[in-house]
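Notes to accompany the following structure.
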Amino acid sequence: MKRFNFYNSSPSILIIVLCCVLFINVVFGSDQQQQQINADPIVDIHIPTTTTTTLADQYKSKIYSDQSLRDDIMKRFQDYLRLPTQHPKPDYATAIDFLLKWTRSVFHIDDSTDPIKEVQVNANLKTGENSILKYYIFHCNPAKPSFIFTWKGRDASKGSIMINSHTDVVPVDKDQWKYPPFDATMVDENTGKGRRVYSRGSQDMKNIGTGYMEALVALVESGFKPERNLQVVFIADEEIGGDDGWECLIQNELWKELNVSFGIDEGLASGLDEDIIPIYYGENVAHWFEITATGNVGHGSQFIPQTATEKIYKLLNEKVFPFREQQQVQMRLQTNNPREKTQCSTVITINLTGLRAGHTNKETGEFSSPNVIPRTATALFDMRIPPHIDLKEIEIMLRSWADFVNGTIKFIEQPKINPVADLNDETVKKFLDIVSSRMKTELRIFPAATDARFPRAAGVNMIGYSYMPNTKVLLHDHNEYLDENVYLDSIVHYIAILEGLLQN
Ligand SMILES: [Zn+2]
């Protein structure tokens, strides 16, 4: 169903719509407000109402009453955080050793009774398999292996559930950290949320990978048997674009074998004093492009008309910056959800990220001829487009911008599709039911790119979800941390999610 498109509506229609909404709310009260909220999934906040005792709840009382269990869980988290998987040279092999050992221990692999049979399938893929498990060590670039394992369900013909996390992390500016960023220092800062672990990757997203592993520990210990296959993916290369990670995996035969019908990838922390967990069902796509204008040349002492730089100035002044301003106004006007008024994922963002003109010294890159008017000038842009926008219309607009300065446009990145998860799909609905019965949630569009875009483009319903309430968003930032209780609670919820999704 196509959503109402505010982009094409006039300001007067907007004002009428907003006034009507206000009038309905004032006059008819909460029923109509509910209807109005339901009409727009983006502003639909679910508040949990039911409490039942489940495996997850039993686990929760166990971890909060057993200090040594808690210490073990935190130690495993710290061990994984300490692995040096930061760019520019992530040590993926060590991470895979760690994960493989852990996986064998989670599933109590006993080589004397149910041995794992290893097969080198081809140069890029090694597998290991027994009656309950199959794992894959896969690479496209030998320096960047990924690790995937399947917890076999009773009925492999049913579509698999997938949990995805990337093993790489971004580099650090270590002088800016309170504690060494790869020591995973755990300190008690009396926050009321347990100890705090400072580490690169503690939010993005080693916490998700280990959190689900801990959930699997609990499920296996309970004797739970999955009805359908679970695919646990630890992928390389996410932080530098995924060429040797997801982009490669999705084109490989292995991807077909995994038979994934629903997947969970990363989300974001909720913010410091915010307990609503964002559920991302799509993301903004990046369009990177440059527009080059060609103009008259001559001596720098003259009033030369129609120069290339003048044309770029005109483009910025009359097209780019007014569009940018209009999108910012629209972001504040289009929603009655106060949190969305500051979220870029509801509109199109655009930033001028590069400018090039003039003669330069080839070796130093410095300008060389101040008295020569350059023939060409180029502006580079980063544009992010939410899924409800027609990408063809955007391309037409951008080409018209290039025509406006009699220039040319070159697309560096221009995805042609941007699908979202189908919110009416049975498994997606089941996931939403599970999380919304346990926590406050809100459906949103992710403002930047994640690996979820690859399986999503291949037709899989992907959700971005990381349980980190009341947590400052610190991905890629200095002093990235996660509080102990937030991490432990995330495991509790992941148990409930996996149990619910895998039981039929
Ligand atoms: Zn990430």
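Including glycine, each Cβ sits where the backbone N, Cα and C put it.
Since this is a predicted model, take the numbers as computed values, not measurements.
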From GLU257, GLU266, GLU274, GLU283, the one annotated by TrEMBL with HIS166, ASP204 for Zn(2+) 1: GLU266
Residue among GLU227, GLU239, GLU442, GLU499 sharing the Zn(2+) 2 site, where TrEMBL lists ASP204, HIS476 as binders: GLU239
Listed in sequence order, residues not in HIS166, ASP204, GLU266 with Cβ within 8 Å of the centre of the Zn(2+) 1 site Cβ atoms: SER165, MET205, ILE208, GLU238, GLU239, ASP265, THR450, ASP451, SER466, LEU475
Chain-internal residues near HIS166 (Zn(2+) 1 binding site), provided their CB is under 8 angstroms and they sit 6+ positions away: MET205, PHE234, ILE235, ALA236, ASP237, GLU238, GLU239, GLY245, GLU266, ASP451
Candidate with sparsest Cβ neighbourhood (10 Å radius) among ASP168, ASP204, GLU238, GLU239, GLU266, the listed recorded positions: GLU239
Tertiary neighbours of HIS476 (Zn(2+) 2 binding site) (same chain, Cβ under 8 Å, six or more apart): VAL170, ASP204
Cβ under 6 Å from ligand 1: qualifying recorded positions of ASP168, ASP204, GLU266: ASP204, GLU266
Structural state census, the domain 'Peptidase M20 dimerisation' (283-403) (DSSP three-state): 47 helix, 36 strand, 38 coil
